[in-house]
Amino acid sequence: MIAIVDYGVGNIANIERALKELGEAVIVTSDLELLGQAEALVLPGVGAYAPAMARLEETGLIEFLQEQATKKPFLGICLGMQLLFESSDEDGQTEGLGILPGTVEKLPSDVRLPHMGWHQLKNHGEAVYFVHSYGAVCDPDWIVDSVEYGRLVPAIVQKDLVTGMQFHPEKSGEVGLKLLKEWRETTCNSTQQSI
């Protein structure tokens, strides 16, 4: 069973629908016991970094998620991916979950923001749907795929059991479903493979 973390911020219905379309058993919850019982966790997110971190703190999820990320497959999507890192410079400096070393920084001012629309992944070679103005800056060894948008933007990162997708797989049609399926089949079944 996959649990989608419900902390009041995120595009939950679409990611739930996408995972169910792949035949997954899915629950949407903020209940720590149910989240702890899940085989894998998905942290969605839409909006701004600081309010999202505040919601995670209000719901008592920060330490729990930090611990769970060392025990089971954990997927952060869009803002959910950004929250995995140590901090963001959005609206000042905001501390993140710190599950992945690295920061989240505003994309260059010489490109149109937000970065919205379809963009081809360098390694997978297929287009996925993005909506964001900030991107991760992290160890290149963890970047599974990327796009070029004013700078190198990590589109998929993976370290141990933790995976982040900056784009919205649930809004990326068949390609998004394929990438979610790859995450489920590889990351959830083996800590040694990457998507």
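Including glycine, each Cβ sits where the backbone N, Cα and C put it.
Here's what Swiss-Prot has on this protein:
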type: DOMAIN; residues: 1-193; note: domain 'Glutamine amidotransferase type-1'
type: ACT_SITE; residues: C78; note: active site, nucleophile
type: ACT_SITE; residues: H168; note: active site
type: ACT_SITE; residues: E170; note: active site
Pairwise CA distance, E170 (active site) versus C78 (active site, nucleophile), rounded so that it is a whole Å: 11
Integer mean pLDDT for the domain 'Glutamine amidotransferase type-1' (1-193): 95
Surrounding CB atoms that lie within 10 Å of the CB of E170 (active site), all protein chains: 25
Neighbourhood of C78 (active site, nucleophile), C-beta criterion under 8 angstroms, separation at least six: N11, P44, G45, V46, V131, H132, M165, Q166, F167, H168
CB contacts for H168 (active site) [other CB atoms within 10 A, all chains]: 21
